[in-house]
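**Q** A single structure is presented below for examination.
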Amino acid sequence: MDHAEENEIPAETQKYLVERPIFSHPVLQERLHVKDKVTDSIGDKLKQAFTCTPKKVRNIIYMFLPITKWLPAYKFKEYVLGDLVSGISTGVLQLPQGLAFAMLAAVPPVFGLYSSFYPVIMYCFFGTSRHISIGPFAVISLMIGGVAVRLVPDDIVIPGGVNATNGTEARDALRVKVAMSVTLLSGIIQFCLGVCRFGFVAIYLTEPLVRGFTTAAAVHVFTSMLKYLFGVKTKRYSGIFSVVYSTVAVLQNVKNLNVCSLGVGLMVFGLLLGGKEFNERFKEKLPAPIPLEFFAVVMGTGISAGFNLHESYSVDVVGTLPLGLLPPANPDTSLFHLVYVDAIAIAIVGFSVTISMAKTLANKHGYQVDGNQELIALGICNSIGSLFQTFSISCSLSRSLVQEGTGGKTQLAGCLASLMILLVILATGFLFESLPQAVLSAIVIVNLKGMFMQFSDLPFFWRTSKIELTIWLTTFVSSLFLGLDYGLITAVIIALLTVIYRTQSPSYTVLGQLPDTDVYIDIDAYEEVKEIPGIKIFQINAPIYYANSDLYSSALKRKTGVNPAIIMGARRKAMRKYAKEVGNANIANATVVKVDAEVDGENATKPEEEDDEVKFPPIVIKTTFPEELQRFLPQGENIHTVILDFTQVNFMDSVGVKTLAGIVKEYGDVGIYVYLAGCSAQVVNDLTSNRFFENPALKELLFHSIHDAVLGSQVREAMAEQETTVLPPQEDMEPNATPTTPEA
C-alpha cells in the first residue's frame, strides 16, 4: 500500500458536526452587523473624474492605443523569429483569400488586396488581440456582396450608351461605392458601440447561433462560388431565397460549363484537400504549414499564362490588377438609408466572429482581450479603411489559426503579412492577372470545410440541449432562406425568446431529506430520499416574475398535492355530513368562508353544493378544525408547513411578490405555514421594496436554509402539541369556525 492509501480517511468517517441556533431571518440579523459603507460625495466623485494625473493619462493611452503598452515590452530575441515566420505564412495565405473574397463582395479583385492591407496596419495599433488575423472574411464579404448586388444588379442599365466593357466597369464602380458606404456605416456603428461600452452585445449571439449562422453563410458562399468553378455566366442574386435561385441558375446553365475551367478548379480543389490533410497529420513535425493556397495561385497562374487559357479556352481570369494605391475618396453617405440594416448586421457579425476567436486564442495564451476596445478597433479599421476603398473586414478564422499556429507572438506578424500584400499592390500584382477565377473558387470552397463540419453540432445538441438545437436549426434555416441580414435578426429574436421560455417554464421539484442529514434532494430521483412528515419542500430554478408567477402558483399546488381550495372544499363537505348526521339544519346552512384559489390555472371558487371529484391526493390539514368533524374528512397526510426553496431564485418583481403574498395568505387561511428558505440578499431586498414585510412578523417566515426551516417547523409543531396537551379544549368552538392565518 502506497503512502496515499495509508493516509486515506474512510469515506464513512469523513463527517462534520455543527451546533448552532435555528436561523430565521430576524435571528440571523441579530448576529450580524452591517458594515458601514463610506460613499464619496458627488463633489468628490466629480473631482476624481476630472482630476488629471500622469497615471490616469497613461492608462487612457494604454486603453485606446494598446500598442503603446506591448511594443515597449517586446522581447525581440524571443518573439522576432516567430513573428517573422508567422507573418510570411499568413501573408501568402492572405493574398489568394483577398482576391477570392473580393469576388464574394462583388467588387474587382484589387479591392480585396486593399482590404488586406489598410485594416491590418490600423488593427496593429488599436487591437488588443495578439494573434487574430484581420482582413477580408468570407461571411462578411458575402454580406457586402449581397448589398452591392441588391442595389446594383447585374442587369442594371448604365446611362450614357456605354459598351459592354465600359458598362461592366461602371457597374463595378457603383458596387464599390455601395461597399464603401456600408463599410463606413458599419464602422461608425462599431466605434460608437465601443465608446459607449456596448461590448456585451456579443453575449446575445450565443455559440449555437453563431455556428448555425456561419454554417448557413458557408452554404451561401458555396453556391456563390459554383458559377466560377463551372465557368458559367449566371445572374447574381441577393435577398430572400437567393441561395435557391443561385443554385437553380447554375444547374440550368450547367450544359454551358467550361470544361477547362472546371478541370483547373477540380485539380486545385484536390490538391488543397490532400495538402490540408497532410498539414494536419504532420503538423507536429512541420516547422510551419505548407502554404498550399499560395502554391495553388502560383501554379494556376503559371498554367493559365503558359497555355493562354483565357484567350484559347475562354477561362475567366482575375484580370487587370492596377499597380499602386488609390487616393482617399469620400464614401457616398446618401446611401445610408438604403443600407443601414445590412450595416448593423455586418457590424454585429464582424464583431462577434472577431471577439470569439480573440477570446479563444487569448485564453490559450493567458492574456486578456477587451471587447469594447475590439469594437473601437474594428470601427476604426472599417470607417477609416472605407476612405481608401476597402470593404468591411473581420477576423479570418483560417488565417488566425495559421498566424497563431506558426509561432506568431504579436500583431507585428500581421503587419509583416500586410507588407507582403503591399508589395503585390505596388510591384507584382500584374503577375497574377492570368489567375483563373476557378482557382480562387476552389480555394474558397476548400476553406469552407471547417464551417461545414459544424453540421456535427446537431447530434451533440440533440443529446445535450434541445433548446440550443432549436437555436442552431432556426438560425441556419432562417439565414439560409431569408438572407444573412434578416436571418440574423430572426435568429437573435428566437434566441431571446428562448431566454424568456427558460424562465417562464423552469423546472419545479419537490425535495426530500437524505435521512439524518441536512441534505435535501429531488424526491423523485433517489430511493433513499424521504419526505418529512407534515412538510412539503418545493423548489424552483428560476426567478419569479410576471411571466411565470401564475405558473409557479399552479405548479406549487400540483406538484405538492396541497391545494387550499380543495382543502376548504373538503371541510365544507365534512360540515354538511356532520349536519346531516346530527340533523342540525343551522349548521348545514351556516355561512362558510369562500376562498378564491387556482386549480390548474382556473378559478377554483365553487358553490357549496358542488361536489366535483378531487383531482389531487386527499389531504387533512392539522388545524383547529373541530375534533368532532375530523372523522368526516378524507384520510390523508397531515400537512402543516410548505417550505419554498428560494436558493435558485435570483430576483422577484412586483407581480412575483404579490403572487407570493397570495400564496402565504391562501395557505394560511387553511392553517398551513409557508416558509421561505435560502433567500438571497437580492430577493430579500425585492420583498422589502415591494412591501411584503409590512407586517414585520412575516420576517419570521424567512429562514437561512431549508434545514433551518424544517427544524423551525418541527419546533413550532412540538410547542403547539404541548400547548394542546396542557390547555383544556375550548367548549365554545363553532363547528363552522375558520382557522386564522398563521402568524410567524
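Going from the start of the chain as shown, residues are counted 1 onward.
Cβ from N, Cα, C; glycine included.
For reference, Swiss-Prot lists these features for the protein:
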- 105-108: topological domain 'Extracellular' (TOPO_DOM)
- 127-137: topological domain 'Cytoplasmic' (TOPO_DOM)
- 150-168: topological domain 'Extracellular' (TOPO_DOM)
- N163: N-linked glycosylation site (CARBOHYD)
- N166: N-linked glycosylation site (CARBOHYD)
- 197-206: topological domain 'Cytoplasmic' (TOPO_DOM)
- 231-241: topological domain 'Extracellular' (TOPO_DOM)
- 242-253: intramembrane segment (INTRAMEM)
- 254-258: topological domain 'Extracellular' (TOPO_DOM)
- 277-291: topological domain 'Cytoplasmic' (TOPO_DOM)
- 308-332: topological domain 'Extracellular' (TOPO_DOM)
- 360-370: topological domain 'Cytoplasmic' (TOPO_DOM)
- 389-396: topological domain 'Extracellular' (TOPO_DOM)
- S398: site 'Controls the electromotile activity' (SITE)
- S398: salicylate binding site (BINDING)
- 407-410: topological domain 'Cytoplasmic' (TOPO_DOM)
- 505-744: topological domain 'Cytoplasmic' (TOPO_DOM)
- 505-718: region 'Extended region for STAS domain' (REGION)
- 525-713: domain 'STAS' (DOMAIN)
- 720-744: region 'Disordered' (REGION)
**Q** How does the topological domain 'Cytoplasmic' (360-370) divide up by DSSP, counting helix, then strand, then coil residues?
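**A** In the topological domain 'Cytoplasmic' (360-370), the DSSP-based counts are 6 helix, 0 strand, 5 coil.
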**Q** Sequence-remote contacts (6 or more beyond its ends) of the topological domain 'Extracellular' (389-396), Cβ cut-off under 8 Å?
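**A** Beyond its ends, the topological domain 'Extracellular' (389-396) has Cβ neighbours at 97, 102, 105, 107, 111, 114-115, 118-119, 132-137, 139-141, 143-144, 176, 179-180, 182-183, 186-187, 326, 329, 346, 349-351, 353-354, 357-358, 378, 381-382.
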**Q** Measure from the Cβ of S398 (site 'Controls the electromotile activity') and count the other Cβ atoms within 10 Å, all protein chains considered.
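**A** A 10 Å sphere around the Cβ of S398 (site 'Controls the electromotile activity') contains 21 other Cβ atoms.
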**Q** Determine the mean pLDDT over the topological domain 'Cytoplasmic' (360-370), rounding to the nearest whole number.
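**A** Summing pLDDT over the topological domain 'Cytoplasmic' (360-370) and dividing by its length gives 89.
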**Q** What parts of the chain pack near the topological domain 'Extracellular' (308-332), using Cβ distances under 8 Å and only residues at least 6 beyond its ends?
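**A** Tertiary neighbours of the topological domain 'Extracellular' (308-332) are 99, 108-110, 113-114, 177-178, 180-181, 183-184, 228, 231, 258, 260-261, 264, 386-389, 424-427, 429-430, 432-438, 440.
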**Q** Please give the sequence-distant neighbours of the topological domain 'Extracellular' (105-108): residues at least 6 beyond its ends with Cβ less than 8 Å from one of its Cβ atoms.
**A** 136, 141-142, 144-145, 148-149, 172, 175-176, 179, 236, 319, 391
**Q** When secondary structure is assigned with DSSP, how many helix, strand and coil residues does the topological domain 'Extracellular' (105-108) contain?
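**A** Taking the topological domain 'Extracellular' (105-108) as a whole: 0 helix, 0 strand, 4 coil.
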**Q** Provide the three-state DSSP residue tally for the topological domain 'Cytoplasmic' (127-137): helix first, then strand, then coil.
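**A** Its residues fall into 0 helix, 2 strand, 9 coil.
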